[in-house]
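Undergrad: First the structure, then my questions, so here it is.
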Amino acid sequence: MDAKLLKSRFEDIFKRSNGELFFAPGRINLIGEHTDYIGGHVLPCAITIGTYAVCAKRGDHQIRLYSENFPDSGIVCLDLSATAYKKEDGWANYPKGMIHYLLKAGGQIDSGMDILFHGTIPNGAGLSSSASIEMLTGSILKKLFSLDVSDTELALIGKRVENEFIGVNSGIMDQFAVQKGKKNMAILLNCDKLEHEMIPAAFNGYKIVIMNTNKRRELAASKYNERRSECDEALSELRQYRNIASLAELTSEEFNKLESLLSCETLRKRARHAVNENERTLSAAEALKSNDLKTFGELMNASHRSLRDDYEVTGDELDALAEAAWKEGALGARMTGAGFGGCAIAIVESEETAGFIRAVSSHYRSRTGLEASFYIADISDGAAEWREK
Ligand code: GLA
């Protein structure tokens, strides 16, 4: 990214200079899918594609927001005293939500500001462009107004924006990964206690290839919320027999003995995924620590099958990519993020990546009639001020 160019865009749009630069990454999740909101474990990494911003305080109470990704929305203007959700503000509800809840939490944000956003995350790819904008805004506000707020608090405020402002009942994984990411590290996060451990993502000799279905994620929010309530329902049924606070407290062995007590096959499948995926994530973290990439890859494949067969969030496009990747010799491949379209990831031998991409691309085209896009994931630091290196 060219810092000078970004700054000159800020000057063009807002007719002022001396903006400060910030960056927040996107994220991929290596394994631990749909386990954050059941209090389980996840293993995401922040990536170098993300969102840049140029920003400066103002002398009045006006907030002006502009995104180069949504030029048709123009400059969205609001007053510091009127930060409620408005459907017509579209993308700007994400930064606005951060301002709204930071103010509610007592943050001394006492002047307006101008912010120009420039995202390099493909839209709707499931690589957390929304958490990226949220944590970017959080980091900007923290710095400009010297707010006394920790990384974890910022992540929780971002989650609140999703849950209460936007209306998606998502968990903490995306915001946490985007805020706390570390270069070349995967984050093993316990989403119940919010305790985490950094694990070197040493895929020596391999690359993480991101494979984008380029399929619009239709009804993703409503299906996501539906899965979440199915897990809640399964938990409340199981609580009649076992004193547990979350599905993540069960081992797969314990769950096998309990599953027949659930009232229907759908709940059995959802809960089975949740319990097994949580266990797989812990095993995968161990495998990564001991550099056992073969086991790691097998756990990724099992995760995809479980998301396909039990959780039913993959869809033909993600299956086509993962299955093509398996066929083309990936060490492991699976969908990443919420599913219902978006991206899959594959661990591929560095020297084989070009051929791998060609072959998967052709399988995908003939199975779905769509063109996939491919990016190599570089694991990045979390949201922060940014200086061009
Ligand atoms: C989305 C949500 C996360 C998480 C994943 C699925 O990315 O925002 O909280 O639930 O889906 O693992």
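Just so it is clear, glycine is given a Cβ too, placed from its N, Cα and C backbone atoms.
Whatever TrEMBL says is automated annotation, not expert-curated.
What you see is a predicted model, and the numbers here were worked out from it, not measured in a lab.
Annotations per TrEMBL:
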ACT_SITE  ASP174  active site, proton acceptor
BINDING   GLU33, HIS34, THR35, ASP36, TYR224  substrate binding site
BINDING   SER67, GLY124, ALA125, GLY126, LEU127, SER128, SER129, SER130  ATP binding site
BINDING   SER130, GLU162  Mg(2+) binding site
DOMAIN    9-57  domain 'Galactokinase N-terminal'
DOMAIN    93-178  domain 'GHMP kinase N-terminal'
DOMAIN    284-359  domain 'GHMP kinase C-terminal'
SITE      ARG27  site 'Transition state stabilizer'
Undergrad: Out of THR35, SER67, SER130, give me whichever of these binding-site residues has the highest number of other Cβ atoms within 10 Å.
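TA: Per the Cβ count within 10 Å, the most buried is THR35.
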Undergrad: Find, among the binding-site residues listed as GLU33, GLU162, the one whose Cβ has the highest number of other Cβ atoms within 10 Å in the structure shown.
TA: GLU33
Undergrad: Which of the binding-site residues listed here (GLU33, HIS34, THR35, ASP36, GLU162, TYR224) have a Cα atom within 10 Å of the Cα of GLY124 (ATP binding site)?
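TA: Close binding-site residues: none.
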Undergrad: Taking the centroid of the Cβ atoms of GLU33, HIS34, THR35, ASP36, TYR224 (substrate site), which other same-chain residues have Cβ within 8 Å of it?
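TA: Near the substrate site, beyond GLU33, HIS34, THR35, ASP36, TYR224, sit GLY32, TYR37, ILE38, VAL42, GLY171, MET173, ARG227, GLU277, ALA338.
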Undergrad: Sorry to bug you, but what's the C-alpha spacing from the residue listed as 'active site, proton acceptor' to GLU33 (substrate binding site), rounded to the closest Å?
TA: 11
Undergrad: When you measure from the Cβ of SER128 (ATP binding site), which residues in the chain that are at least 6 apart have a Cβ under 8 Å away?
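TA: GLY26, ARG27, ILE121, ASP174, ALA177, VAL178, GLY337 - these are the non-local Cβ neighbours of SER128 (ATP binding site), listed in sequence order.
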Undergrad: Quick one: DSSP breakdown of the domain 'GHMP kinase C-terminal' (284-359) into helix, strand and coil?
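TA: The domain 'GHMP kinase C-terminal' (284-359) comes out at 46 helix, 12 strand, 18 coil.
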Undergrad: Rank aside, I only need the closest one: which of the binding-site residues ASP36, GLU162, TYR224 has its C-alpha nearest to that of SER67 (ATP binding site)?
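TA: Of all the candidates listed, GLU162 is nearest in space.
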Undergrad: Among ARG27, GLU33, SER67, GLY124, ALA125, LEU127, which recorded positions lie by ligand 1, judged by Cβ under 6 Å to any atom?
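TA: Once distances to ligand 1 are taken from each Cβ, GLU33 fall under 6 Å.
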Undergrad: How far is it from ALA125 (ATP binding site) to GLU162 (Mg(2+) binding site), counting Cα to Cα, in Å?
TA: 17
Undergrad: Which one of these binding-site residues has the most other Cβ atoms within 10 Å of its own Cβ: ALA125, LEU127?
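TA: The largest 10 Å Cβ neighbour count belongs to LEU127.
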Undergrad: Which whole-number value in Å describes the distance between the Cα atoms of ASP36 (substrate binding site) and GLY126 (ATP binding site)?
TA: 16
Undergrad: Which residue among the recorded positions ASP36, ASP174 has the fewest other Cβ atoms within 10 Å of its Cβ, if you could check?
TA: ASP36
Undergrad: What whole-number value in Å do you get for the largest C-alpha pair distance within SER67, GLY124, ALA125, GLY126, LEU127, SER128, SER129, SER130, the residues recorded as binding ATP?
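TA: Result: 19 Å between the two most distant Cα atoms.
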Undergrad: Would you please pick out, from the recorded positions ARG27, HIS34, GLY124, GLY126, the one with the fewest other Cβ atoms within 10 Å of its Cβ?
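TA: It is GLY124 that, of the recorded positions ARG27, HIS34, GLY124, GLY126, has the fewest other Cβ atoms within 10 Å.
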